[in-house]
Every structure is written in structure tokens, then in C-alpha cells.
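Noted in Swiss-Prot for the protein shown:
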type: TRANSMEM; residues: 14-34; note: transmembrane segment
type: BINDING; residues: GLU37, GLY42; note: Ca(2+) binding site
type: TRANSMEM; residues: 55-75; note: transmembrane segment
type: BINDING; residues: HIS60, HIS372; note: Fe(II)-heme a binding site
type: TRANSMEM; residues: 98-118; note: transmembrane segment
type: TRANSMEM; residues: 143-163; note: transmembrane segment
type: TRANSMEM; residues: 180-200; note: transmembrane segment
type: TRANSMEM; residues: 229-249; note: transmembrane segment
type: BINDING; residues: HIS235, TYR239, HIS284, HIS285; note: Cu cation binding site
type: BINDING; residues: TYR239; note: O2 binding site
type: TRANSMEM; residues: 261-281; note: transmembrane segment
type: TRANSMEM; residues: 302-322; note: transmembrane segment
type: TRANSMEM; residues: 332-352; note: transmembrane segment
type: BINDING; residues: HIS362, ASP363; note: Mg(2+) binding site
type: BINDING; residues: HIS370; note: heme a3 binding site
type: TRANSMEM; residues: 374-394; note: transmembrane segment
type: TRANSMEM; residues: 408-428; note: transmembrane segment
type: TRANSMEM; residues: 446-466; note: transmembrane segment
Amino acid sequence: MRWLYSTSHKDIGLLYLVFAFFGGLLGTSLSMLIRYELALPGRGLLDGNGQLYNVIITGHGIIMLLFMVMPALFGGFGNWLLPIMIGAPDMAFPRLNNISFWLNPPALALLLLSTLVEQGPGTGWTAYPPLSVQHSGTSVDLAILSLHLNGLSSILGAVNMLVTVAGLRAPGMKLLHMPLFVWAIALTAVLVILAVPVLAAALVMLLTDRNINTAYFCESGDLILYQHLFWFFGHPEVYILILPAFGIVSQVVSFFSQKPVFGLTGMICAMGAISLLGFIVWAHHMFTVGLDLDTVAYFTSATMIIAVPTGMKIFSWMATIYSGRVWFTTPMWFAVGFICLFTLGGVTGVVLANAGVDMLVHDTYYVVAHFHYVLSMGAVFGIFAGVYFWGNLITGLGYHEGRAMVHFWLLFIGVNLTFFPQHFLGLAGMPRRMFDYADCFAGWNAVSSFGASISFISVIVFATTFQEAVRTVPRTATTLEWVLLATPAHHALSQVPVLRTASSH
């Protein structure tokens, strides 16, 4: 019962991480069904059932984004580390923290239940009308309710994080003295509070269109209005997922380079700029819906500008590594892998920012490859870097360095084999969300499915990596979470520390 009623941020953070692990297993299993269906042209694993294929696509997208990456980065690492890093005894609202987590399991249960009702929600994770309005039965309604519960959990957690950072910092810890991970979580919380209510409004309108014959989107309504509302949430959501990974990579790179992050103030400003710009570029997902030329020109330009603060972060990490005495262990390899692969995902993002190019490859596998390079290799590599870096601190378990390196290289090779060929498929014109395809696409699809199998093997290796170990304090530790190793109490700190000298990394 301790886990059910616990208000300790450490217990709740660990619950988020365990929940994310099982969500990740579920989402990965669905992705393997997708890849095995697409391994060969013609009828495959699903025997030509296009509706079931689309239900799997919907489940995979929502589970991976909202029930794996977000609980792990924002809920898991954010809850466990944020109070300690700022010298707070716990979160500002511990009981609110508890309910924030316990809204997630019923949300996931509702989503899974929706797939079993009638034919399931075959709408894709975006749930565009009129398809989502015309789905019969209650499957889409259950999925909408699931998203509402998850969104409520996110908003409550974000409010808690912001109040904690604003009001519970240790005496002497000024804003610029906070670790970059804390900055990342705080900015993510702002994005959640501003973006998620817009999604909630769109989903309420979708629900009423489906059930009480309102006409917000269908009939005399405006289908494009839903896309505007959804992507006003959807694009900041990408940064909600990736900003905590930025923070983790900053901590790992600084730690294993044995020096402060290069250009600390610039890194903070870059995250702030990314957060701001993320709200004013949403319509680059909508270049094909008939926007006027001036609007298209604006969103093209604004999207390209995001590359500037993102590039600042990439070059600052590279400068930190270049000028430091680098100690290459598994967390550092995952951080370096993140930098390389996220950069490639960013480059294809700049390509897609051009409206003329985007109109050619919109809804093809080029777009799938782009956002999987940002998320499958960005956010997920950030999660693994954090797990290996702080895993001993959080769980008391160590990891086998050899098996961990096997995990890294299998995952690195697997995800590249899976998603790099999809750029070629997209440029050749293969549409996404289709369970069958022309024979000319068979070669690269076979390579992609083989890469997915390698990635799945890496998950099995990861599950065997951790082992019993003694908690140790790293000699190069510079942030407050490592103090816990000497005082492992139920709540983080029994006495609020007073900072005499500021550690800015």
C-alpha cells in the first residue's frame, strides 16, 4: 500500500519510470507488428486487415508519446531529481503529485479498452475529422477520454513542478545557478500548461460532434479548425518530449567531460527560444491544406529559425566534449549517439520546413523517418542516458558495462537500419499509414524491418543489464542529487542546504 498512497517524490518518480518501461514494451510490440506487416508487399501478418493496421498505428503513436516518453522524462526523472537538484525536501504539493501519477494507469487502460470495442480507433494518433467523427461505436470516445485523463495528469504535474522550482529552491540557489536539467523541466512545465488545454478543447469539440450533433468540424463546421487546434498542441508536444532529454544530455556530457557545459547562459536562452518558437510554427504540419501564400511563407521562415537555438545547443555540447577530458562510459555513448542522431533529424526537419519540398513528401515515409530520428533516437537515447547515469542512484542497481555497450550498439545500428531507409522510401513516394505497397518499395522495407528486429533484440539485452551493486559517489559529482548517497532518507533532504558557492553544471 506504500506505493499507492506514497507522497514521496522518489517513490512517485520510480513509479513513473516503471510505468514508462511497461508502456515502452507495449508500444515497441505494436511497432514490431507494423514492421512485420510491412516486411513484404501483399497480405502479411494482419491478412490485409487495414482497419486493424490503423488501430495498431494509433495505439503505437499515442502509447509511445504519452505513455512512454513523457512519463519517463517529465514524470520519472523530473519527479525524482528536480526537488533534490534545487535543495527542496519534496515537491510543493506531494498529494497532488500522487494523483498526477495515478491518473495514468486508468488512462492507458481506457486506451487499450478502446482497441477492443467494435473495430477500434483507426484514426491515427492525430484523430483528424471527418474520419474520427464517423467512426461507429464508442472506441474513439474511449480514446478521447484516455487522452483527457493523461492531459489532466500532465497539467497537474506541470503546475507542481513550476511551483516547486519557483518557491522551494534552497537559499543561495539563484535561477542561473540551477542545473540545466531543472531548467529543461521548468520550461517543459510551461509548455504543458499552455499547450495541453488547447488539445483538451479540441477533443471536447470532437466528442460533442460525435455524440450530440454539434458542427464544430463536420457538416457546416471547419475541418481545418481541428488541425489548427491539434497542431497548436502537437508541435509544442514535440518539445515537451525533447527538452527534458536536452537537460539529461547536458548533465551527462558535463559530468563525463569533467567540465561545465560550454556557454551555460546561452544554453538556457536556447531552450527558452526553442520553447517560445515551438508555439508559433504549428502550421508547418498543414502546408497541403490550402493556406495562402503569405501564411506559408511565414511558417516556413519561422520553422527554419528554430534551427538556430537548436544549433547553439548542438555546438555547445560539442565544445564541451572537445575541451574536456572525456570519460567514455555507457551514458556518455548514449549522449553522443543522441547528439549525432538528433542532428540528422534536425537536418531533415530543415528540409521539411521548405513548403515546396514538404508538399511533395507530406504524409510519406520521409516524414516518418524525420520524427523518428528526433523521437526514437532523440528522446529515447536521452532516456537511456539518464537510466544508465542515474540508475544506481534511483534503484541501487548497477549495470554490466559490457552488456550495456552491446545494448547501445545494437540499438544504434538497429534504429538507423530501421529509419534511414525510410528517407528513400518517402522520396520515392511511399505513403505512410498504408498496410500494403507497390513492389518497387519492397527492398528498403525489408531492410527497415530487419533493423527493427535488431532494435527489439537490444531491448532484451537491456532487460538483462542491471545487477546488484553498491551505491557510490562519483568523484566528479557537482550537483546535489549525489549528496543523497550519504543520506538515503524517505524524503530527499531532512535539512534544507544553504549554497555558499554556486555550481552551474
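Along the chain as shown, the residues are counted starting at 1.
Cβ coordinates come from backbone N, Cα and C, glycine included.
Cβ neighbour count for HIS362 (Mg(2+) binding site): 19 (other Cβ atoms within 10 Å of its Cβ, all protein chains included). Neighbouring residues of the recorded Cu cation site, listed in sequence order and excluding HIS235, TYR239, HIS284, HIS285, comprise TRP231, GLY234, PRO236, VAL238, GLY278, VAL281, TRP282, THR303 (Cβ within 8 Å of the Cβ centroid). Non-local neighbours of the transmembrane segment (55-75) in the same chain are 12-13, 16-17, 19-21, 23-24, 26-27, 30-31, 33-34, 46, 100-101, 104, 107-108, 111-112, 115, 119-125, 143, 146-147, 150, 154, 157-158, 185, 188, 192, 237, 240-241, 244-245, 248, 375, 379-380, 382-383, 386, 433; each lies 6+ residues outside the stretch with a CB under 8 Å from one of its CB atoms.
A distance of 29 Å separates the Cα atom of HIS235 (Cu cation binding site) from that of GLU37 (Ca(2+) binding site).
Across the structure, HIS60 (Fe(II)-heme a binding site) and HIS370 (heme a3 binding site) are spaced 17 Å apart at their Cα atoms. Cβ neighbour count for ASP363 (Mg(2+) binding site): 13 (other Cβ atoms within 10 Å of its Cβ, all protein chains included). Panel annotation: around the transmembrane segment (98-118), residues 4-7, 12, 15-16, 19, 23, 55, 58-59, 62-63, 67, 71, 75, 136-143, 145-147, 149-150, 152-153, 156-157, 160 of the same chain, lying at least six beyond its termini, place a Cβ under 8 Å from a Cβ of the stretch. Scored on C-beta pairs under 8 angstroms, the neighbour of the transmembrane segment (14-34) with the top count among 143-163, 180-200, 261-281, 374-394, 446-466 is 446-466. Counting Cβ pairs under 8 Å to the transmembrane segment (229-249), the stretch among 143-163, 180-200, 261-281, 332-352, 374-394 with the most such contacts is 180-200.
Across the fold, the C-alpha of GLY42 (Ca(2+) binding site) and the C-alpha of ASP363 (Mg(2+) binding site) stand 21 Å from each other.
Sequence-distant contacts of HIS284 (Cu cation binding site), defined by Cβ-Cβ distance under 8 angstroms and a gap of at least six in the same chain, are HIS235, PHE299, THR300, THR303, LEU352, ALA353, ALA355, ASP358. Beyond the transmembrane segment (374-394), the same-chain residues lying 6 or more positions past its ends with a Cβ under 8 Å from any Cβ of the stretch are 10, 13-14, 17, 20, 64-65, 69, 72-73, 77, 80-81, 238, 241-242, 244-246, 248-249, 251-252, 255, 329-331, 334-335, 337-338, 341-342, 345-346, 349, 404, 407-408, 411, 415, 418-419, 462, 466, 469, 471-472, 481-482, 484-485.
In the three-state DSSP classification, HIS60 (Fe(II)-heme a binding site) falls within a helix.
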